[in-house]
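For reference, the structure is listed below as structure tokens.
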Amino acid sequence: MQYLLTLLSQRRLAAKILTLIVIVLGLLALKHLPLAEKPRFDMGEGVIRTVYPGASASDVESNVTSKLEKELLSVSGIKEFHSVSEAGVSEIEFRLNGGLADPDAVYQDVRDAINRVSDLPTGVTDAPQLVVEKSYSLDFMVVGISSDLPYEQLRNRAKSVELALRRVEGIGQVYPIDLREPEFLIALEPAQLKRYGLTIDEIAQFIAERNVLISGGRLELLQDNPELITLAELNSLDKLGEMFISFQPNIRLRDVAGDITDTFEKAEAYGSMNGKRSILFDLRTDQQADVLQTSSDVKAVLADLGRQFGDDYQLGVGFDLANEIQAKADIVRNNGLVGLGLVLIVLALFLEKRIAFWVAVSIPVCLLGTMALLPSLGQILDAFTLSALILIIGIIVDDAVVVSDKIMALVEEGQSVPDAVKNGIKAVFPAISASILSTMIAFIPLMFLPGDAGQVMYVIPLTVIVALCFSFVDAMFFIPAHMQGVLSKTKNTRGVVSSRDRFKPIYQIVQWAQTKRKWVLSGAAALCIGLGVYSYNQLSYLFFPTDGAYLIEVSAETDPELSLDQVWQRTQQLEALIENTPEVASWYGEVGTPNSYWIISLTPVNSRERNAEDLVEEWEAAGEEIPGLAQVEFDIDAGGPPAGRPVDIKVVGGTDEGRNAMADDLAAFLETVPGTKRVNRDLHDRQPRVEAILQYQWLNFYGISAQQVGNIIKYAVEGERISRIFNGEEEVFFRVSLENDDKTLFELDNLMVRAADGSLVPMSKLIRWQETTTASQITHFNGERVIRVSSGVDPSVTDPLKVFDQVTAAFAGKDYQGARLVAAGQILETQQAEQGFSVALVLAIAGISILLLLLFDSWIEGLLVLLVVPFGVSGALFILYIHGQVLSFFSVIGMIALIGVMVNNSLVLIWHFRSTMDKLNPNNITAFIVEGTKSRVRPIILTTITTVVGLVPLAYGLGGYDNYMSPMALVVGWGCVISMLVTLLVIPSLYGYILQWKVRRQQQATMDLPPASVNS
């Protein structure tokens, strides 16, 4: 290996060519890499959505959701699922177990489970839709079109918008909102049905059997092999009205129908965009899309269509993820450029300009080399990848600085350039290898953190490890070759090295510390323990802070008795609050009865004075005064994992009475817990319901089935789709119903039902009506009914885990008829993260310990190197405290990453002591320690400064503040400063005591030998 490194270091031309190749490949990759918010990964989640028009929440739960859930319970690999059943729709969200070898196989099992449900109601005309959620296929943009013109004209324009959007490169899926499907509505008259002796279900059957288009194949015996079809499509209102439904006497459909109209399906919800009723389009990218470019293309399409449509139509954007991605990219870019500039200034100040140039070239080599490899690793450029690259700007030059400093030191001692290069590589190779490996070992466990946060975080250690590999190649091959070229062309090689005089004050401090070892060690230990314990106790604990949030999710529940138009009027007051808030950039939503929701996009965090918490508190206070809104809940989405409120608890299972009692008590208890705020308990107000109580004795007597009665009621009130045609552009459905004026209990009683003997029986003889109430929305967790209770927290007072511990203690031993508490949201993610961090910390320290043991073959020296860790962690906690930060997920990530970075300087220092042990004078250990430490002062200070100045812009937001990455940079940056102080002052002092102990033992062993053995 040594021969190979020496040989490579002599290939100056090859080093320059390879350096150029890496930079060019990186630039090419940078040009083509798409930019996204999050890295690419399988989220292990999916949604099963089933539309059941006209059905109540309980009907959807019983006939759709429960049947699908029963099959999902048999699928191996599903961790949990959560369902919502509400009027007309069922949604089941499921999550897979982590670490599955083949998630696609589980998704296929889910599809098979869905297909096994063969007895869904006839009203479910479309099969349940499974959407597998990938990090790149989430909605990135919501656009819409609005107008004061009638809905039919607006819809025609909206179809043009939809087609144009589907043609935009980069868009994978387009989900319309409030783009209702066209229908032929046949509104029957009960009196006419009774007059002609017909039933509503018979009319539906006549239409379905009459409207056909059947291919009969080809007539091969005839010329040209013509295709034979049976064409009996009812493709116009005239044909539909003239259709014969009886010939004794001749009765046409128009004779029993009060009206036959060309209309659209009934609206289940209205789309809302920036306060205007709109038809919306939820856009998802495909796998290769660049979000910024796709967003720009979509806006160009909207602008072009706007010019074509004229002033009667308004096209706009309700949500655009590209804005946040661009803002984050600007923050990363600005901080990166500032950090890079500071690193270059430091190198220029401390190194000769030509050597500083090649050391500085290490930065683009490592960064661009990493970018060149990202596509082959299945990754793209996202906010986390870019932040990871900034995180290591200063770190990746450390090895180049160490190598160049060692070579220059040997040149100062009078060695020839070739010998200095060869011996310099030989001297630092083991330590450099171990330091890079130790940093990798610290980052590797972070690749396997559990939960959503772990999946997002995966790319940070991956990026760092790849960059460190390039750093090693650069330091061991490129830098020596470049330096050999620079030093060989310099006549006075001693003049190449910057003066060490500027470090004299540091040398004096080092020397003083060795004369005051006892006081230095005592003071350092006291500071470490005192500051660490004090800071930890004072720090607020919130793993996922929301101070940088840019999205707020709003849900509202209204009186179930209100019509959709009435709900729209009520919610307009809430939207007025949003519109009058200057920090709001845009918003969109769906207004339904009784549940509505909105997604609010805020302006970039660096451009506003108030954060999301401030806005939510203001809106909540104002929202309480809006009449007709039973419950308004605000969830702050910080743009990263996990979703949900800080305190999110599910009350699962048991009886309805027990579950409701437990949820009420839990909500009341949370109100009393110090530090909780905005406590919400799912209410789901009950809405009125009329039940048809079947008279089974008469059903049996007449030979009429319950299904037959239920179908007639469904036809009469909600209507039922019975057939369809294709008009050349889209499908048009046929719906049979009663006229709106006839949808009363009186008219329903007079509807006729065909008995088994052919006679007609009035509905009033078969059923009795009973008024009751039902839930407007029914939620399940793993097949059991559930109520959600949630709240926010004040991180200066408490944290989600403390609150959950208090809840667990308060409700322990209480019986609520089988109901139980299940943690969700941030509580669950925090629990998983804590467990993952514990494992990662143990693995990192164990791995580094094994590496140090292999390097030094001494557990004492290995332990001495690791002693820098508690000092660094204690200092990091203190830094977070004095900067007013909370102890968050990303700050803990920074501490674990800091372990690998901190040991580098102490590792190289101890290795230097060992390699110069032949110079040790047992009678003057202090001088040996001082001289050894002084020889490492320059590289240690230089590597620390380059690391710190590379992180300072991100840590303090000089180019824009990022609430996730800035705390990590703050921890690593200041941790390196503390590591430098410990390495220069504490580690040498301890090593001095170790050497004294070793010398004493050696002298004692010599004295214990017999005289003959000593003389020999």
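Using the three backbone atoms N, Cα and C, a Cβ is placed for every residue, glycine included.
Some features that TrEMBL has for this protein:
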TRANSMEM  12-30  transmembrane segment
TRANSMEM  331-350  transmembrane segment
TRANSMEM  357-377  transmembrane segment
TRANSMEM  383-403  transmembrane segment
TRANSMEM  424-449  transmembrane segment
TRANSMEM  455-479  transmembrane segment
TRANSMEM  519-536  transmembrane segment
TRANSMEM  836-856  transmembrane segment
TRANSMEM  863-883  transmembrane segment
TRANSMEM  889-911  transmembrane segment
TRANSMEM  940-959  transmembrane segment
TRANSMEM  971-994  transmembrane segment
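Contacts between the transmembrane segment (331-350) and the transmembrane segment (383-403): present, as 3 or more C-beta pairs lie under 8 angstroms, all at sequence separation of six or more. The transmembrane segment (836-856) makes no contact with the transmembrane segment (519-536): fewer than 3 of their CB pairs lie within 8 A, with pairs spaced 6 or more apart in sequence. For the transmembrane segment (383-403), the most Cβ-contacting stretch among 12-30, 519-536, 889-911 is 889-911 (pairs under 8 Å). Tertiary neighbourhood of the transmembrane segment (519-536): same-chain residues 513, 870-871, 873-875, 877-878, 880-881, 887, 982, 985-986, 989-990, selected by CB-CB distance under 8 Å and a gap of 6+ residues from either end.
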